[in-house]
Amino acid sequence: MSTAKLVKSAPSELLYTRNDLDDSVKTSTIALLNQLVVDFIDLSLITKQAHWNMRGANFIAVHEMLDGFRTSIIDHQDTIAERVVQIGGVALGTVQIVGKQTSLKSYPTTIHSVQDHLKALAERYAIVANNVRQAIGKTEDEASADILTAASRDLDQFLWFIESNIE
């Protein structure tokens with residue numbers, strides 16, 4: 001099959017799929033999901049940055065907790081990115097795109113205490129959790145909403161755990 005048959009003609013730029021969602025639903029859902037792919041990639045990297053660089057009371061408990069969070073975030077990120085492709089989009093997750101489009105403030109690299117990291121993480125986890133909840137309400141694709149609902153449950157739990165460790 002030629003490439004021309006795989007790509008619909010402009011302006012929609014959707015890849016061919018037999019998925020019968022309306023093209024406008026696909027396009028709007030792809031935009032929502034790709035923003036979340038960016039945010040999840042950034043959140044996973046921020047989580048690892050904190051994991052590597054914290055010191056102080058409760059270090060090992062928080063250090064290990066963050067490893068589990070990151071694994072789950074990466075799993076959700078993968079599911080969201082794959083949904084983009086399933087409905088005819090291109091998942092956008094390069095470091096250049098993440099750097100330009102993330103919803104998150106730059107993570108401070110000059111903090112070291114567990115408490116400072118927890119506060120910085122709580123702020124960023126809340127942003128992503130809230131963005132996911134908003135996207136659930138905006139998408140007209142039930143399968144995407146279901147994927148986001150699962151991610152929302154985990155992010156809310158992670159935020160709760162982080163906030164519960166802040167003194």
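Placement of Cβ uses the backbone N, Cα and C atoms for every residue, glycine included.
The Cβ of Glu82 (Fe cation binding site) has 13 other Cβ atoms within 10 Å, all protein chains considered. According to Swiss-Prot, the feature Fe cation binding site maps to His51, Asp78, Glu82, an assignment based on sequence analysis.
For Asp78 (Fe cation binding site), applying a Cβ distance below 8 Å and a minimum sequence separation of six or more within one chain yields no residues. Using a 10 Å Cβ-Cβ cutoff, His51 (Fe cation binding site) registers 18 neighbours.
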